[in-house]
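These come from TrEMBL:
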| type | residues | note |
| --- | --- | --- |
| TRANSMEM | A:12-32 | transmembrane segment |
| TRANSMEM | A:52-72 | transmembrane segment |
| TRANSMEM | A:100-122 | transmembrane segment |
| TRANSMEM | A:151-170 | transmembrane segment |
| TRANSMEM | A:182-202 | transmembrane segment |
| TRANSMEM | A:224-247 | transmembrane segment |
| TRANSMEM | A:259-281 | transmembrane segment |
| TRANSMEM | A:301-321 | transmembrane segment |
| TRANSMEM | A:356-374 | transmembrane segment |
| TRANSMEM | A:386-407 | transmembrane segment |
| TRANSMEM | A:419-438 | transmembrane segment |
| TRANSMEM | A:458-479 | transmembrane segment |
């Protein structure tokens, strides 16, 4: 009954995941039916396996939801009243693991039910065996004689174990650090690592390949690397237990990190920008060319899009997390001194404009340093001219940052909660995946360095577009404040 | 002479009717103690006086000497509403110096002085996030008292303070009373209210009623 209780308590999550699993089930069903020959039988276990083994479903749905769940629900695990009742950190870890296991079981039941519903629409459900191509998960397992039903159960268990290890890691970190910002940063890093793995950033046999940890099919394709990954997961679990025992022994805290969200953002930019420069240097040998290639925004590949998301909306997210003047008591004591909302807005704008400029200089500096460290030596000027390039990088870059900052600030002020800022940034990211038709009209596109190659005819309209977007937000904020006043 | 006047103010907050045609006068140099059950709207009343929230009906009048032409919120008001306000990543002194830089009427030496007066070490390298509950409260009070405001709005100023600190803060407030500062404060401790206030106001059932006080 524990899983039923879990499903009931987590009904929101379960429903959301169920709907997404149903959608992915339909998608995978269509995918394997269209990819198989007419003589091939496709059973519902094939659909289940194909869906729960689908890397996009795992990374973009399950892992993302689980990380969010860990952050939102995690604080309760180490709440003082709970600590006092459980008595030791070891028990906190054990209780957290137990609770997370039942959450996983509850969610797994809902997800599999949703996939089964999607799969039973198949015209060919009679035969449970499959003869699908080796490019499919079912096909890969069938080549070594593992039926889809067994492989599905294996995949579900593998996924459950990997997600449980993620959760145990979060609990161990929370026991020692108790900093939501660190947990949020860790969640973003885990997700970025997994997402970049699905697009082939790491070698399939590399221990950094996330597929080894989340996909049971890796046991067939890369058995040695897979064994290493299972061992690593066990090691992480053991380390979490050691961390809990160390906390029980009242030893010195393992981590004494005081990293601000801005510091984490800078670190993330350093890592992700350096990785992206590694990809861009072979394609564009010159310094300006490779920086332009790395910062293509949503007109580039998923890696370039992720980098731009980190550099621009990521910066605004950090601003929203650190911003104190838009909500709560601090806003009250600053407003009473400033005297008017306009006065405070002007002061915040001037300060953030300076910071954004310094940040862009930092991005340029990191990209340049990465270029030289990675072996680049060609510093020839960009073909369209240094003026246009610099204009696009700094002016439209500043415009882009200003737009996002204004957006999160307006959301926080208008709704009086940081959640509104997070939702607004989430919407920006969700609405701007690479190469979508409306992408060119979105502000996320306007600082893409590819525009610089179009000359002034391309970069000046981008500036106008950013100004228009910024003014629209400012007007909306002004109207909101006038209409309802501000929320403290 | 009134410095604040609530004129037939009605306010709903998050679906609840807090005030219905509420009227009250707050005179210059007097001390008012506000009492009332939890959720009766004491903090909302403070926010409306400051202009952070607008009444649904009626008006809040503030003495024009506190409202320069371009100001939406009154000048020379010291406030502590909804608990102490601070940036957790800064020390107590840095917090106050940053705030003082907005009005630019006092410098670091005055900040140090007020911190010492409330019982905090101005040279402490401790970040405000690591302060105890009482230390955070003292920082909030120091924030409200610095820059010598003419009106003080203090929401539960004695929360989390030890006995000696309560006595110290009361003494600081008495000095402000002698200087002619208008003080409006809330407390759940009737003893504190009786000791400091000249007028005791009860907020209950959408109304404000004057209780017996030291006139």
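Glycine is treated like the rest: Cβ placed from N, Cα and C.
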Quiz item: Which residues, given as numbers and ranges, are at least 6 beyond the ends of the transmembrane segment (A:356-374) yet have a Cβ under 8 Å from it?
Solution: 266, 269-270, 273-274, 277-278, 281, 287, 290-291, 294-295, 311, 315, 393-394, 397-398, 401-402, 405
Self-check item: the transmembrane segment (A:458-479) versus listed stretches A:100-122, A:301-321, A:386-407: most Cβ pairs under 8 Å
Solution: A:386-407
Quiz item: Which of A:100-122, A:151-170, A:259-281, A:386-407 shares the most C-beta pairs under 8 angstroms with the transmembrane segment (A:52-72)?
Solution: A:151-170
Quiz item: So which of A:12-32, A:151-170, A:259-281, A:386-407 is most in touch with the transmembrane segment (A:100-122), counting Cβ pairs under 8 Å?
Solution: A:12-32
Self-check item: Tertiary contacts of the transmembrane segment (A:12-32), as residues 6+ beyond its ends and Cβ separation under 8 Å
Solution: 42, 46-48, 50-51, 54, 56-57, 61-62, 65, 69, 106-107, 110-119, 121-122, 132, 136, 138
